[in-house]
Amino acid sequence: MSRFLLCSFALVLLYPTAIDLYLVGLPQIASDLNASESQLHIAFSVYLAGMATTMLFAGKIADSVGRKPIAVVGAMIFVLASFLGGMAEQPNTFLIARFCQGIGAGSCYVVAFAILRDTLDDERRAKVLSMLNGITCIIPVIAPVIGHLIMLKFPWPSLFTTMAGMGILVSVLAIFVLKESLPSQQGEEQTTPESHQETFFERFFISRLIITALGVTTILTFVNASPIVVMSMLGFDRGGYSSIMAGTAMISMLISFSAPLALGIFKQRTLMMTSQVLLACAAIVLSAAHFHDGQSHYYVFGLGLICAGFACGFGVAMSQALSPFSQQAGVASSLLGIAQVCSSAFYIWFMGFIGVSALNMLVFILVLGSVISLALILLIPKPVHDTHYEEIPSAT
């Protein structure tokens, strides 16, 4: 079991690392490639596009040929794309490399969640996903610091060499440590009643897909809006901003690592509702601080509530979304990932397009997400009568 957890954690970490590690090098990258920083900021959207376009195919193939081949191929694509990004001399080449990095990271991301669905029951999976969320929350803080330290001695291509090195490590784990977790009966004719009951159009899966998509949209809007709120509105410098973000990351980690203990005491539904209440409270605090000229610590408190709310319920919601699918976990993971990436990218783009301020953008998604998610949690509870929801198929 430990090998599955180790490999799943490593596969997931490629996704946030490739987003955050290179950001400190953007000014130098823009200078060397004769491009503006605003032009290179599109690399974030290109990276997400690469993830989204490959997720569905990766999940479907993983359900057919196995998790391990997709993990190995995805990690190798990530390695090659990272080397290409470091060697880029033109903006277009750089964007192509970022798109290909998204392909590799997206493949690994899908496989990681499919492996956890294959090998863990519902209760353990909820705990593991909560802990995994805590680990990924620290990447946005650690990665820029590591990138800064690297660039003190080396030029910006070394950032992509570091990403390639991480991809090589993941490739080694996928080849030599990871065992195939695809259910052994997956390659045979599916005639069992359970296999026919697995549909992606059921209310429960769609409700959890919406909840997780709104959650990721909220946290990515927070990441996108926080520099403007903290530095432009509140007047903090980069050092102050880094300290605040480090504090919010610590909150996310503490809540995420406490969630497994909480799940031993409270029901999953309780944690999910608590999560949405915290996000709604964050919207109230931020709005009150804005309209009543609140001091900076009120804003910081609101930002902390966002991280606490997301960390409290996201792992549980992801676990519940995957629970109906013992035979199609790869496709289920793909659909969840695509919904999360596309909803986040569209919301941030659309709000920017119509000229909504960063704070209003954040408050709106907090209100919208918490209201919709609370309604779905109350109206569509987790089924308790379907035994196949908790089926953990034997792995080959």
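Numbering starts at 1 and runs along the chain as it is shown here.
Glycine is no exception: its Cβ is also placed from the backbone N, Cα and C atoms.
Under the topological domain names given by Swiss-Prot, F201 lies on the same membrane side as T270.
Counting residues of the topological domain 'Cytoplasmic' (63-68) by DSSP class, helix then strand then coil, yields 5 helix, 0 strand, 1 coil.
Residues 44, 47, 51, 71, 74-75, 78, 82, 85, 101-102, 104-106, 108-109, 111-113, 115-116, 118-119, 128, 132, 135-136, 139-140, 143-144, 146-148, 151, 156, 159-160, 162-163, 166-167, 169-170, 173-174, 177-179, 181 of the same chain lie 6+ residues outside the transmembrane segment (4-24) yet bring a C-beta within less than 8 angstroms of a C-beta in it. Contact between the transmembrane segment (210-230) and the transmembrane segment (42-62) is not supported, since fewer than 3 Cβ pairs fall under 8 Å when only residues 6 or more apart in sequence are counted. Residue counts for the topological domain 'Periplasmic' (292-297) under DSSP, helix first, then strand, then coil, are 2 helix, 0 strand, 4 coil.
Against the transmembrane segment (132-152), stretch 158-178 shows more Cβ pairs under 8 Å than any other of 42-62, 69-89, 95-115, 158-178, 361-381. Summed and averaged per residue, pLDDT over the topological domain 'Periplasmic' (292-297) gives 76.
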